[in-house]
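Asks: Per TrEMBL, the features are:
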type     : residues : note
REGION   : 25-47    : region 'Disordered'
COMPBIAS : 30-40    : compositional bias 'Polar residues'
TRANSMEM : 102-128  : transmembrane segment
TRANSMEM : 148-172  : transmembrane segment
TRANSMEM : 184-206  : transmembrane segment
TRANSMEM : 226-246  : transmembrane segment
TRANSMEM : 366-391  : transmembrane segment
TRANSMEM : 411-432  : transmembrane segment
TRANSMEM : 488-509  : transmembrane segment
TRANSMEM : 529-552  : transmembrane segment
TRANSMEM : 558-579  : transmembrane segment
REGION   : 634-673  : region 'Disordered'
COMPBIAS : 634-647  : compositional bias 'Basic and acidic residues'
COMPBIAS : 655-673  : compositional bias 'Basic and acidic residues'
Amino acid sequence: MRWRIQKYKQFRNYQIEVSQYKRTAASPHTEATSTHNYPNLTDDAGNAPKDSVVLSAYSTMDLVDKDPDEDDPWNLPELQDTGLKWSELDVKGKVMRVLTSIVKFILLVGFLYMFVCSLDVLSSAFQLVGGKAAGDIFQDNAVLSNPVAGLVIGVLVTVLVQSSSTSSSIVVSMVSSGLLEVQSAVPVIMGANIGTSVTNTIVAMMQAGDRNEFRRAFAGATVHDFFNWLSVLILLPLEAATGVLYKLTKIVINSFNIQGGDNAPDLLNVITDPLTSAIIELDKTVISDIATGDPAARNKSLIKIWCKTEKITTLLNITVPSAANCTIGVPCWVEGNKTWTQINVTETINLERCNHIFAYANLPDLAVGLILLALSLLILCTCLILIVKLLNSMLKGQVAVVIKMVLNTDFPFPFGWVTGYIAILVGAGMTFIVQSSSVFTSAITPLVGIGVISLERAYPLTLGSNIGTTTTAILAAMAAPGETLANSLQIALCHFFFNIAGILLWYPIPFTRIPIRLARALGNRTANYRWFAVVYLLLCFFLMPLTILGLSLAGWQALVGVAVPIVVLAIFIIIVNLMQTRCPRYLPSRLQNWDFLPRPLHSMAPWDRVVMSGMAFCGIRCCCCCKCCQKTEDEEKGGKERKKSQEMYDNPALTRDDEPLEVPKETVKATQL
């Protein structure tokens with residue numbers, strides 16, 4: 001407020017000087033004094049010009065500009081209450097406000113429920129589209145023995161099935177059947193940890209309509225990505241060289257006499273299953289059977305048709321070539337020229353058909369998957385937009401103050417450092433309740449976008465969600481049968497200790513919280529070039545893993561020959577960029593900036609022009625309304641610019657003395673304060 005008062009005083013002093021000059025210029029015997037006091041208003045001969053009342057414009061732009069501190073897009077926006085205060089309402093107004101708040105809360109819970117259900121259906125859609133392909137990827141055990149290939153396979157499979165739990169269960173099935181060793185499964189679990197963060201990145205892209213909301217939301221989503229990638233960058237080479245996670249979990253398994261327990265509690269599924277089961281039900285054992293090499297599973301559909309079945313095992317007499325082919329302990333006899341024995345034959349009897357909407361539809365898995373993919377994305381986007389609008393309307397006044405105080409305020413000194421660890425525990429607890437890290441991180445992403453949760457607070461919540469999803473996996477592993485209990489539990493513990501090690505690397509010391517800085521930089525980049533968010537998503541979760549997988553299939557020589565030069569070049573670019581920012585004098589003059597490179601190699605502007613030109617072409621050819629919308633936006637923008645230009649070039653020297661001086665109301669209030 002002080003800067004407004006100072007600017008207003010400068011403005012008033014300037015107007016007083018102008019008025020004095022007008023009066024002295026009008027008097028003949030004071031001309032010399034006036035020209036002496038105001039030399040800038042004389043011509044080259046030292047005389048006042050004929051129109052000697054016009055001064056150069058003193059820009060008043062600062063009076064209408066915002067406070068420079070308010071221009072930081074990372075500052076949490078103030079959710080101001082524009083309505084009447086509670087004390088100013090009559091009885092009818094208070095009743096209406098209470099009823100409106102109750103209705104909004106019910107709508108918010110309903111939209112949140114639909115949002116979570118749409119995430120579940122989205123996962124089912126991805127499994128229908130790419131589930132069998134994911135099983136085929138897991139079949140090549142020779143490739144999985146390569147740690148880098150195992151990592152990217154974990155990423156790709158988790159992206160395809162949209163569930164780290166599903167990909168982890170496939171790994172457990174392969175380990176239990178002897179197709180994969182636990183040590184080879186650890187990189188796959190690391191990749192599953194990366195792949196599960198794609199969901200909240202997709203959710204963040206739904207807030208691209210508002211630039212600053214998108215900046216914060218995308219940073220809040222990708223801070224999870226950067227944490228996972230940086231953890232893998234350190235821990236994968238360490239695991240490949242020493243096997244530290246495998247050895248640590250092996251010690252834990254051998255130290256305790258762990259017994260099988262009950263199934264992990266399905267707290268959220270109890271609520272969402274009635275709706276999602278009415279839409280689609282999947283037989284997830286098909287993917288595991290394909291991965292373990294069952295040829296009959298390839299012809300099965302993932303869509304569950306019979307929900308209640310019964311298996312009956314009977315003894316069947318069969319002939320064998322000789323008595324040597326009989327199983328020990330099984331009756332074996334000879335009748336005539338034939339040798340007979342008995343085997344157990346299991347037959348599945350279908351008892352009750354499922355009631356979901358695709359149970360009677362004779363459609364292939366791919367068609368059903370594409371239908372559900374479009375439907376779930378539509379519901380996801382709609383619910384997210386409505387949730388954001390409802391939150392913006394509800395989080396006003398004192399409510400916003402309380403929520404921000406609870407979520408973003410640290411404990412008093414000297415216990416401020418404890419706040420982040422409390423947030424980690426909250427994130428872990430909430431993820432354990434909802435049984436999914438994707439659901440929890442996708443739920444807080446729009447809150448980061450609208451400014452309710454800061455990026456610094458979202459980071460420990462995300463780390464806690466990583467811990468929460470591993471505790472759920474540990475409980476699920478403890479419910480495994482006795483023959484698979486040890487392997488299942490060891491894989492779940494590898495996942496747990498991987499996330500614990502990542503937190504120890506990237507959280508306790510403030511300057512090691514590199515994921516926050518990287519996410520903030522990416523948020524700024526995607527806010528300026530919103531199409532870059534799609535490029536990032538495709539590059540990190542599809543193109544790069546597919547490229548590494550292809551090189552792994554070609555052999556480790558090809559992988560090393562291509563990857564090593566790229567890694568060296570990336571490290572060189574990072575070091576040069578840091579030196580350009582901090583100590584450019586130590587660099588050669590040519591490397592003090594990247595201007596010697598072609599502009600598309602060091603600037604996004606040329607690519608932005610290409611993308612915008614392509615979008616403009618599509619808008620002209622494909623969508624007539626785009627042109628009308630663009631025209632309306634241009635007219636509004638032009639109106640704002642014209643209004644601001646009038647404020648900037650308004651010269652008070654051109655006003656007459658008898659005209660009242662117009663001063664902005666908020667400036668007058670500031671002076672009164």
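Just so it is clear, glycine is given a Cβ too, placed from its N, Cα and C backbone atoms.
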Asks: Which residues of the same chain, at least 6 past either end of the transmembrane segment (366-391), have a Cβ under 8 Å from a Cβ in it?
Replies: 104, 107-108, 111-112, 114-115, 117-119, 121-122, 124-129, 203, 206-207, 213, 279-280, 303, 358, 446-447, 449-450, 452
Asks: Should the transmembrane segment (184-206) and the transmembrane segment (488-509) be scored as in contact, given a threshold of at least 3 Cβ pairs under 8 Å and pairs 6 or more apart?
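Replies: Result for the transmembrane segment (184-206) with the transmembrane segment (488-509) is yes.
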Asks: Six or more residues beyond either end and a Cβ under 8 Å away: which residues meet both conditions relative to the transmembrane segment (488-509)?
Replies: 168, 171-172, 175-176, 182, 185-186, 189-190, 192-193, 227-228, 230-231, 234-235, 245-246, 248-250, 252-253, 258, 420, 424, 459-460, 463, 466-467, 470-471, 473-474, 476-478, 480, 515
Asks: May I ask which of the stretches 148-172, 226-246, 529-552 has the most CB pairs under 8 A with the transmembrane segment (558-579)?
Replies: 529-552
Asks: Mind checking which residues reach the transmembrane segment (529-552)? Cβ under 8 Å, same chain, six or more beyond either end.
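Replies: Same-chain residues near the transmembrane segment (529-552) but 6 or more away: 143, 146, 148-149, 152-153, 155-156, 159, 195, 198, 201-202, 204-205, 208, 211, 214, 218, 222, 225, 229, 522, 558-559, 562-563, 604, 607-608, 611, 615.
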